[in-house]
Amino acid sequence: MSNQEVVILSVGGVRFVTRASTLQQFPGSRLARMLNSDDPEFKLVNGEFFVDRDGTLFRYIMDFLRTLQVSLPTDFSDYQRLQREAEFYGLYPLADLLSQEHLLKPRLEILEVRFSLQEMQAFFRIFGSCSTTIGTLAEQITVFTGQQSGQSWNSPFPSQNPLVPLPLERPSHHDMVFQCGTDYSAGDQFVARYVSIKPDNRKLINGTNVLGLLLDTLLKDGFRLISTRTVSGEKKVECYSFERMQRPAGPTVTVNPTPGSSGVAQARRNQVQKGK
């Protein structure tokens, strides 16, 4: 059979259409041998290969053959059943990866935003369990500074004076600190700090407005607000706690290209240990 020929499979009543080359990714597998031999588990009926197996789980098998990656829904739980299906089809590299659920299961990610107002300034501190998320957020947030006259210190719009971007404070890989608002300088001059959060192009000086944009950005990025509280003390600090399920990077498998090899794939786990 030509590797470009279209193949139709009916697995447990669910129909799949693919190319022969996709099924031949692992020449030693039963799916590859199915195209060239009479396997009693694979019956050719009216031009379709009928397989009496779980059709719902087979879609993950097909996704693996097409991408050579293991990518499962965040609520997936049938690891052992899918592993048995992979073993049935002779896809042992996939079965090996499925036996190590910790590589595939999503992790709960926690993030907290702390916000306080002091006179004409607002202070922010963001803590996160995943350092990669904090790094990505730091790339989205830019603080600009410049001087303004006393008559326009509370203007929501930047003055005509040039603004200089400031680096964010990163006390550790898991948190960041920044501020906005104005601070008295000399005479009628004030040092103003504006905050911009991509993809929004506005430069905001009002702390409450920056907080609203920051929380909205997190919600759009898949976080869920789980609690709000106020920390009593010398400085009133508002705390906003978020969580989301973080899907791990899909481990990949590479096929051994050595001519004359048995076609057994070598598992290469590219799971990136993000946030650890």
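Placement of Cβ uses the backbone N, Cα and C atoms for every residue, glycine included.
Feature annotations, reproduced from TrEMBL:
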- 5-106: domain 'BTB' (DOMAIN)
- 248-276: region 'Disordered' (REGION)
- 253-276: compositional bias 'Polar residues' (COMPBIAS)
Structural state census, the domain 'BTB' (5-106) (DSSP three-state): 42 helix, 21 strand, 39 coil
Confidence summary for the domain 'BTB' (5-106), mean pLDDT rounded: 90
